[in-house]
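K.L.:
What follows is a structure written as structure tokens; I'll ask about it next.
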């Protein structure tokens, strides 16, 4: 059994009842919440498909990262994964690269890097396409208006 | 949230540069990070490292701006996608969220090696309910599933041999379960570690606060002394002023009224009889009693049973001791015939009460008044407020070693043995002489003092006049009781024990208003009415001489050489509770929580009334590890959880309890 989940694992949301169990446990422990409980809830949130849940999950993870140094290395991966799910590729890459720097042989981190690159390239191309489309349209419209003005002047 | 709104404004400031974003996204990104940092700086002062991060971000920004434009724009596309960029710069909630989750580089750099026994993910898998059932039911479900597995196994083995594949699957699932349980075990143990750390943290915090409390009490005591000093000086000044005025008036009076001389002569002769301090201005003025305005509470926060101080008080068996309030004044007496007064706050001897010609058997301290009953058949009363003693000087001089190490009494021994001479010379009030044999017990409350003596009588004294007002003959009362009741109840009983010969005839007395309780060598506790001088109730139960007793509004507690402590209900006269130790009880006292007694051991025996727990308090508890052999505890006193015990070798120990 691997000690880290692959990115695909993050895409399968928990049942609401399961998440509720984790949430109630997290809330029950109050201020002196244990790291594991906090992580359980955070990971449950990240797995969910709701964006605000995912954000809350990442926030909890960053709390863990701040408060318990012995879990930082693991947290890096989850932070990267959470941010990847959120579409925050810059942050995701920042954490993931740091982890790969520490553990070059980490398979999960390696695959996550591939995923990030794919997503970035795809979205980037799409962005370029959209932008260029907009630019062309603007050019055409602008040209037409220009033409119209020219026509009227003439 | 101020940070949110400012972040918002800056985000829309970024909108104007939207055009430029396409070519120099990197610059914008850096700018955005700066915004994020600012927001984070304003919103989340959680992390002390965050403040330095702001500077880092600024310098980062400058570095990046200096790089060639082309390189930057190419890089930016590889780093992240435009939607991410737009979102991170434009949406308020996104910026808030980023500010909350942002981790500064310092933290990212500081990543220790992984030494955990299980990963968080494994922990997660182990915690997550296996079949989606709520947490509480999980265990039961697992068990039943396990049983089903076994049943399946049985039924299958009964009908036909199970296939290897099935068995393998079973093996796998069992192995998986085993692994999970291993992880759960590790989780539980690491959680315990976590809690232990937290407890240690809290404990150290508690220690720090306790130290602070100790310092505060120290300062409080010093200040209080200063206040007292100023008050006394004020009083003196006022008195001097009054005297001067009176003198002036007298002179006027003499000049005006020569005729009334006869009358003033008459009254003066009467005045002379009144032994008052105010009539003789040359005599040192009586200052206010050294009574504290504030209650020391430090000892209440120590762990029960921890030592506050140990004093080598005497060179011989401690026969009696008492103190007024925690950290107040203590008086001890021993077989070496000396009576010493101690300042419990500084832990040093203030002086000696000299006057008795034999050793003191019993004593009581109440505020500034001390009563001592001695083997020389006399009772002496002392006023400690007349002592010449300046506590703060000693305090300050000895501050260091006293507070840092209360156990280090060894070096101070000599110091404690020679108190300043003559400090107590004005203390004796008067002597009560009427008993014909040694005084073994006494108690006073208000103006009434009751003493019990080996001459088989009790005497009641009026402290105002200093005279004996009533004599109660125990034997006569016992005889009368047997005559009237026609039964053995109330009569003198011979307990027929060898120890009785050495036991005190009157072991203990306590008085409250007109009620008097006395415990005697026949094991009886008699309750007297001082108005009639009669015994109105006898409590029968002890089979050995009663050595100590104390009552409050509900109960009477007695200790006896028959090794038992008995708690009587005062209203019904019945036994409320009783327990016994291994040796004769020589001394006992209770406060509102505990009954402490000396039972021939090197520890004081404590019975906690609230939770019914018996425990030991004293140096005997740690004797084995300290390889010391503390002497047997002979006398105990407790007030408000502040326990003092006197031992056979003359050492007095002070404990919290």
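Keep in mind that glycine also has a Cβ here, set from the backbone N, Cα and C atoms.
Keep in mind the model is a prediction, meaning the values are calculated, not measured.
Below are the features I grabbed from TrEMBL:
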COILED    B:199-257  coiled coil
COMPBIAS  B:137-147  compositional bias 'Basic residues'
COMPBIAS  B:400-416  compositional bias 'Acidic residues'
REGION    B:126-166  region 'Disordered'
REGION    B:393-420  region 'Disordered'
REPEAT    B:311-352  repeat 'WD'
REPEAT    B:353-385  repeat 'WD'
REPEAT    B:432-471  repeat 'WD'
REPEAT    B:516-538  repeat 'WD'
REPEAT    B:539-578  repeat 'WD'
K.L.:
With helix taken as DSSP H, G or I, strand as E or B and everything else coil, how many residues of the repeat 'WD' (B:432-471) land in each class?
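P.N.:
Once the DSSP states are binned, the repeat 'WD' (B:432-471) shows 0 helix, 26 strand, 14 coil.
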K.L.:
When DSSP states are grouped into helix, strand and coil, how many residues of the repeat 'WD' (B:311-352) land in each?
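P.N.:
So the counts come to 0 helix, 24 strand, 18 coil.
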K.L.:
When the pLDDT values for the repeat 'WD' (B:516-538) are averaged, what is the result?
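P.N.:
A mean pLDDT of 92 is what the model gives the repeat 'WD' (B:516-538).
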K.L.:
For a three-state summary based on DSSP, what are the helix, strand and coil counts in the repeat 'WD' (B:539-578)?
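P.N.:
Taking the repeat 'WD' (B:539-578) as a whole: 0 helix, 23 strand, 17 coil.
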